[in-house]
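Novice: Per TrEMBL, the feature compositional bias 'Polar residues' maps to 313-322. The compositional bias 'Basic and acidic residues' feature in TrEMBL is assigned to 324-333. Per TrEMBL, domain 'Peptidase M48' is recorded for 178-332. According to TrEMBL, the region 'Disordered' annotation covers 313-333. Here TrEMBL flags 75-99 as transmembrane segment.
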Amino acid sequence: LRTERGLKEFVLRPLPSHPPEAGRLHPAATVAGAAASVLQHLPPPAAYQHTAARRQVVIRPTRSGSGSRWYHDKLLLVSGGTVTAFYFVSGGTMIAYYFSNVEAVPFTSRTHFITLTTENERELGESVFADLKKELASKILPPEDPECVRVGCITSEIVQTVHRDKSQNRVTACSLVDGWEVIAVRDKMIDAMCLPGGKIVVFTGLLNEFKEDAEVATVLGHEVGHAIARHTAERITNHMWFLILQIAISKFVGTSENGLGRMFYHFVSQPFTRRMEMEADHVGLMLLAAAGYDPRVVPGVYEKLGKVAGDSESTNYISTHHPSSKERSQYLS
């Protein structure tokens, strides 16, 4: 193209004013004629083709264009960092809260997560015990009654066993039976209970069924085992998490809360409770032996309780929180 333009400019350039010699062409005219003949044989400009490879076009991302990246946006970087920091802080706080509330059960060393403090647990036990004394006031035996004295002596020996050895996380266990109190209730019910804070209720039906002190100590040791293992607080904690999980599943999945409640009760809550019962049996056996009673009577006590209650493995597994008497007897043999 540059050559063609130069030729055109050369051809159109005006000739000098002085005439050439006679019979001789001016040099400029000779070159102009040659250039004109060359231009006539050149192809049109449209016929020219590119012979070199076309250079690739590189599209560089910009913040406002479609090729922008998230790390080019300072606002997005700041917000993303804030969210990440929030998740890290929240996760770290939850982990620290969990491990700060994990305790070991005395005599078994099983760890469990509990949100309820020992003070709140004691207050709960004392409140329930006060309500029971009001409700059963007409049936409570006086302190000088022989049955009440018998129960008091057995309970005292078991509680002293808890205070005797304060190793293996038993300091908390001791605080849960400090200020213990026992009452005997005239009733045919074959049962006993120990509330947090060492508040014990024994029904005379149990005393009439089991004549030996070692047999009564087996039942009382089991109930005290529930108290020092903090099973009441563990049940409250588990129930709280089960309730939260049940509500979350019902909202996101759309199932009914009643159906989920029954499913959690049979497949989640009851297995946890049965494990606590077996653990209380183990702790009660240790307390019974440490108090000086013969631990060989324990399997027979649970077999007798099973016969009195008329339980079986199938009905016990479906309808109650306690393991079958056969299973408990075999475990403690």
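Cβ coordinates come from backbone N, Cα and C, glycine included.
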Novice: In the compositional bias 'Basic and acidic residues' (324-333), how many residues does DSSP put in helix, strand and coil?
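Specialist: Counting residues per DSSP class in the compositional bias 'Basic and acidic residues' (324-333), I get 8 helix, 0 strand, 2 coil.
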Novice: Given the model, what does the mean pLDDT over the domain 'Peptidase M48' (178-332) come out as?
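Specialist: Summarising the domain 'Peptidase M48' (178-332) by its mean pLDDT gives 83.
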